[in-house]
Amino acid sequence: MSTIHDFQAASLDGTPVDLGDYRGKVLLIVNTASKCGFAPQFAGLDELHRKYCDRGFAVLGFPSNQFRQEPGTSEQIGELCSTRFNVSFPMFAKVDVNGADSHPVWAWLKHERKGVLSSAIKWNFTKFLVGRDGHVIHRYPPNAEPETLRHDIEKALKAPSESAAA
């Protein structure tokens, strides 16, 4: 059975990132779009990242233009994320989250935790909470405000890591 740690993704600058580097951490993986009505959630996501990063938590942002709200290049996305949204969490290269060209990370996330009626990502800012063991704990809809996830994040952070259990 695979975990999130078995995948790779490209950072915004195109550098390959081994998600195994996040082994033992709790992750919140989000499909983002800077022109989406939910883009103000960047602030709340960054607040969560900053608050819990020292406890083994990270937000990972994956821009997607599948809903026609992230038309920019990687450079433009990076600039917007840093200047307009003050994002400090890792952002990855633009990906497809649905369909035949869906990035393997997103295909796996959807397989691990289906949504209402289907596994498809319905909109930007769908969020997946991944435990220290690399498996999805929760899937949240786009309208779930980041601050409402604190309880679940804190609970996941209290769970033992794989390395502690071994």
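Heads up, the Cβ atoms here are built off N, Cα and C, so glycines get one too.
For 1-158, the entry in TrEMBL reads domain 'Thioredoxin'.
Of all the Cβ atoms in the protein chains shown, 20 others lie within 10 Å of the Cβ of CYS36 (active site). Residues or ranges marked as active site in TrEMBL: CYS36.
The DSSP secondary structure for CYS36 (active site) is coil.
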